[in-house]
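Just below is one structure, and these are the notes that go with it.
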Amino acid sequence: MLDFFTIFSKGGIVLWCFQGAGVTESFTGPVNALIRSVILQERGGNNSFTHEALSLKYKLDNEFELIFVVGFQKILTLTYVDKFISDVQRHFRDRYKNELEQKDAMKLLNGTFEFEDAFNELLRMAEESSKGRGPAPMRSFKESEKSQKTVKSMIETKGGDKGKEQGGKKNKNTKKEAPAAEPVKVDQGKTPPTGQKTVVNGNQGLTPEEILQKNRENFIRKRMGTSEKPNKSPKPQKPREKQNRVWNNGGSSTKELDYSKNGAASPGDGEKSPEAQISPDMQLNSMKGDLLSVDYESSDDEEEEEEEEEEGVVVSETSKTSPKKGGGFKGMFGMLKGLVGSKSLSREDMEPVLEKMRDHLIAKNVAADIASQLCDSVAKKLEGKVMGTFTTVASTVKQALQDSLVQILQPKRRVDILRDVMEAQSQRRPFVITFCGVNGVGKSTNLAKISYWLMENGFSVLIAACDTFRAGAVEQLRTHQRRLNSLHPSEKHGGRTMVQLYEKGYGKDAAGIAMEAIAYARNQAFDVVLVDTAGRMQDNAPLMTALAKLIAVNMPDLVLFVGEALVGNEAVDQLVKFNQALADHSMSDKPRLIDGIVLTKFDTIDDKVGAAISMTYITGQPIVFVGTGQTYNDLRSLNARAVVGALMKA
């Protein structure tokens, strides 16, 4: 049933392994894929992994730095695997500990460690227990309750049933006709004696005079209660006057918008296009070389305050009190109680802190499922780990979560576009980048920013207008082309036009336009081709099919997904369905998926940077560019530690 079971250390040394009968393939390939894709990338939320036709389950032993991995065929449903791997871990670690204490660790390295008999016994017991928990056999007719019934018991007796019903009704009526307790007349200002009941709702048993007296008393009581609050007449408010709008950067609301003065040409005039002129606000800074990284300023005082707040969390959980910030002896005593002294962490110790961390991540725009998986991964990473003497649970969990987030954001492979473009130049071909994403996230705007960055580094760019679906998409790219050419005129580059637009109008096949644009760029010696595609929702099957066709036919060097930094749970749905659609509609055995992410509108979220975590966690691909504004200069690269610092800031 099992293909293999292996036990190895976190350093990569295989201590013991088992291979099932008839299994010829080595287990090193699936295990290495598990290590690369799950363990090293901090994605150990559900302890399961799929590699080709195999399902792998693993368990970490953080005290001895061991990893237990079992593999079996994906088509099998083995219910005993989770319990079996826990039993093997418990038995192996006890014997492993004894070997270390007796200084016989060389047995483990030489392969003479005897564990096969115990493993086979545990496997036999697990398989037998799973058989015992199978579905219960069906009962025969003689064993059922229906077989015990006789014909006499099935005959309805009208008299008996009617008598029972009448008896039941009679009992109900007798209960209803029970005499109610006599009301006690209560004078105003006096309390009724104990043991007597008063009628609160209703006036049963009272004479008309008593009812009148009671209503009069209630009216006086209500009148006295309302008279305590004086009636205040609202003051008449003056209508708020409309204030003149104050424009930033010293501008006015009429100076730059009124084209009728001084003979200035309006945007509708055909004399001179304003896009072709270099206005003062277009004098941008140089962007030669690598992009600047997104950074956040955080002072040491704020970090110390965060640590104090985290310690206060531990105090409130361990001492069951709620100390004030900077509290005296209570805060110090609680902090000492929160310290862990050479003890192994358990899930119960970390659960309160993890719950607060999960809520904190969700508040910072991390998708709820991703936040839960991250916290589960941290719990599995720390469970059973022996802590130092003067460390708190909160600080330990926070540090582990911070390391996991940095590990997730740091790319598995470095995306160096400038180097890749130069390599494509040496092969006499253009470097092709395709942009895709949902509607309105800023694909065309960020494509223009990347064009400006490439032009600043001396590369010529051809923009392929493959958005043949949205009205005005081609005109938007043409406007960007004019502005970019005005910033980099051909006179400065020996008469060479640095950016051109390749377009065939609307309603055409996007894949065909992209193919023609790439061929044109190869003939005209353009360095980079940027393919702009139509924005599409992840549920739009026809447009997703067209996108998969464009990517499969043209095979671009880089496929970038453009997503907003404002989204939370929606980012997960978008990326999962985009990758799934690209895989489903691809015509290749190895479908081309998303290679990187462009995160836009990053300047609108302050420190709620959770979308970066969600997108990177789902795809496993790096964030290549970050859009931070509306000008061509507002393009950055991602600084993983700065983003995680902003994410963990209270």
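A Cβ is built for glycine as well, from the same backbone N, Cα and C atoms used for every other residue.
The annotation region 'Disordered' is assigned in TrEMBL to 127-277 (among others).
The annotation compositional bias 'Basic and acidic residues' is assigned in TrEMBL to 158-188 (among others).
According to TrEMBL, the compositional bias 'Polar residues' annotation covers 191-206 (among others).
Here TrEMBL flags 211-231 (among others) as compositional bias 'Basic and acidic residues'.
Summarising the annotation, TrEMBL assigns compositional bias 'Polar residues' to 245-254 (among others).
If you look up TrEMBL, you'll see 295-327 (among others) marked as region 'Disordered'.
Residues or ranges marked as compositional bias 'Acidic residues' in TrEMBL: 297-312.
According to TrEMBL, the feature domain 'SRP54-type proteins GTP-binding' maps to 622-635. For the domain 'SRP54-type proteins GTP-binding' (622-635), the mean pLDDT of the prediction comes to 90.
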Sequence-distant residues near the domain 'SRP54-type proteins GTP-binding' (622-635) by C-beta distance (under 8 Å, 6 or more away from its ends) are 281, 284-285, 287, 291, 294, 409-413, 415, 417, 442, 445-446, 448-450, 452-453, 484, 487, 558, 560, 596-603, 612, 615-616
Secondary structure of the domain 'SRP54-type proteins GTP-binding' (622-635) by DSSP, residue by residue, totals 0 helix, 6 strand, 8 coil
